[in-house]
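Asker: First the structure, then my questions, so here it is.
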Amino acid sequence: MVKAVCVLAGSGDVKGVVHFEQQDEGAVSVEGKIEGLTDGLHGFHIHVFGDNTNGCMSAGSHFNPENKNHGAPGDTDRHVGDLGNVTAEGGVAQFKITDSLISLKGPNSIIGRTAVVHEKADDLGKGGNDESLKTGNAGGRLACGVIGYSP
């Protein structure tokens, strides 16, 4: 089993921890808790760079090695880093996601890349405009962190 962790932080009160686990070549289990969010849906994505020198903006665009459009986690036409939305209630999002496109090893590895929680709901590429097909219209980047191996 391969494990990884990401500590999310931003310029405001949003913070959290996300754990990743992968058995052999199987799907990745993503489990996390993010605090300080407004209630409702928030886009959650893996971005291409593990660079947070300019806050979350230097993390680049969504991790998209196959050069596809933005989409929902279950779509065939989606970025590898498109993990959909997390739902906050009482300011806290606790979630468990299983995804078979991201990996903790190999060409789709997310190790050294940045996880980002966004200010708005991800429209999952169904917004009917160009931005929807790039970002899901998920808005600003509230908090982020680089994903690294863990014991």
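Even glycines carry a Cβ here, placed using N, Cα and C.
For Cys6, the entry in Swiss-Prot reads S-palmitoyl cysteine, with the evidence type similarity to another entry. As annotated by Swiss-Prot, Cu cation binding site applies to His45, His47, His62, His118. Residues or ranges marked as disulfide bond in Swiss-Prot: Cys56-Cys144. Positions annotated as Zn(2+) binding site by Swiss-Prot: His62, His70, His79, Asp82.
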Asker: Report the same-chain neighbours of His45 (Cu cation binding site): residues 6+ apart in sequence with Cβ closer than 8 Å to its Cβ, ordered by sequence.
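Answerer: Looking at Cβ-Cβ distances below 8 Å from His45 (Cu cation binding site), excluding near sequence neighbours, one finds His62, Phe63, His79, Gly81, Asp82, Leu83, Ala115, Val116, His118, Asp122, Gly136, Ala138.
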Asker: Any idea what the Cα distance is from His70 (Zn(2+) binding site) over to His47 (Cu cation binding site), rounded to a whole Å?
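Answerer: With distance taken Cα to Cα, His47 (Cu cation binding site) is 12 Å from His70 (Zn(2+) binding site).
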Asker: Of the recorded positions listed here (His47, Cys56, Cys144), which is spatially closest to Cys6 (S-palmitoyl cysteine) when Cα positions are compared?
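Answerer: That would be Cys144, the closest of His47, Cys56, Cys144 to Cys6 (S-palmitoyl cysteine).
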Asker: Taking DSSP as the reference, which of helix, strand or coil describes His79 (Zn(2+) binding site)?
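Answerer: The three-state answer is coil.
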Asker: How many Å lie between the Cα of His47 (Cu cation binding site) and the Cα of Cys56 (disulfide bond)?
Answerer: 9
Asker: Work out the three-state DSSP category of His45 (Cu cation binding site).
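Answerer: Its secondary structure by DSSP: strand.
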